[in-house]
Structure formats: C-alpha cells, structure tokens
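The structure appears below as structure tokens.
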Amino acid sequence: MIDEVSFVGKRMLQLVDCILKKVSFVDKDKPFANKSIIMMGDIWQLGPVGDFELYTKPLIDSPQHLAAFNLYHSFENVFALKNSYRQGGNDESSAKHRQLLERLKRGTVYTFFQRILKSVLKSTYAPDEIIVIENGDEILQIAVGASVILQKNLNIEWGLVNSARGTIKKVHYKEDVAYCIVVDFPNYTGNMQEMETFGGVPIFKTFTNTYCRDTNRFIWVNKFPIG
C-alpha cells in the first residue's frame, strides 16, 4: 500500500520495484516481483521533491526513468473516487467551493472564479514590510542565535529528522569558510558526550542530488542541510 501517490517519483517507484525483487525468491522478472501494489492519492496534488512525476515522459538518456515509466503503466486497474467528503455539502456555496478547488487543481480558473477569489483576498503586507522584503538580501548569512530547520534525515533514532528545529550556537571556520555549524536541537537524544564537546550538535556539509531544470540534469550540491 502506497498512500499520497503524488509524492512518489520515478526513482522511488523503481526503488520499490528493486527492493521487492531483491527480497523475493520467485517472479523476479515481473514488475514488483508480482506482488500486489495499491497506490492511493490524488495525482494532481503536490509532486515529488527532487524527482519526476510518474506520469511524465522519461528522459531519453535515462534507463532508470524508462523503467519507472513502464512500471507506472503496468498498473491495470484504476478506480476514481468521485464523492468529496472533506468539502461536503449540498448547498450552492459548497458546490461552488468544490468546483473552484477542482479548477485550481487543474489550472483552469476562469473569470467567474477569479472574481470569487479576489472578493475574499485580504492584503497582509503593510507598505513598510513590502519595502523590506523587496530590498532584502538575496543570500541570508548564518549567525549565532539564528533559528534553523533541518532539511534532511541525518539520524532518525536521535531526533535529527527533516523539519527538526534548532538554534545555531557556534560556527567553525577554516580559512574563512564555514565547515561546521553547531546547532542546539531541543529534541536531540543522541551522543551527549559529543554534544558537550561541541556545545551542541555538529552539522557538516552533505551532498544532495538535485534536479536542475535549466539543464534537465541532476547535479550534486555540497551544502549544510539546514535552512
């Protein structure tokens, strides 16, 4: 069972296929080792991060993408659920709400619904804030005391997971280049001796495989996994 299928990309789907074939003793030549796979969700919702949507055409020079594309099209049965329970209601307002959400999802909002959206739009920015935002630094410098969010699972058991919040305690430099950022994570449950030595949790740069749309290629980025 795979829920929220829109988050599943080509690489992840092929990885599922490879793992099932690796742990199976039979049917290794069949998709998913002939295991039953049920995928649920709305394909129109948010797509995968750093990966390609399952329904997109494969890259010409990527056997992995072609394999994932064929896996996706190996599913024989598709069941479309038509009743919306979260946005229920039989009155006219509820019906318009559902129609609006459907058109927003597909990117086909015409004038009537644009007027509805603008009628409830509220400005939350004062002129001063707009000036600050437009004239702000494009690159934000790290600083002791800054709040940060971990952007990668480093050690799930110790609480160093994606979206964990912390505060920068210290920055170590080598030849004027930061090589280690010490962060205080309140929910950290790992190596306390190391934390006492550094004065917090030492975070080093990691390599991340990121898709570059300009070149239509994946590139490796070496950066601190915090933001």
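Along the chain as shown, residues are numbered 1 onward.
Any Cβ shown, glycine's included, is placed from N, Cα and C.
Taken from TrEMBL as is:
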- 139-169: domain 'DNA helicase Pif1-like 2B' (DOMAIN)
Task: Segment-level pLDDT (mean, integer) for the domain 'DNA helicase Pif1-like 2B' (139-169) - done: 86
TODO: Work out, from DSSP, the number of helix, strand and coil residues along the domain 'DNA helicase Pif1-like 2B' (139-169).
DONE: 3 helix, 11 strand, 17 coil
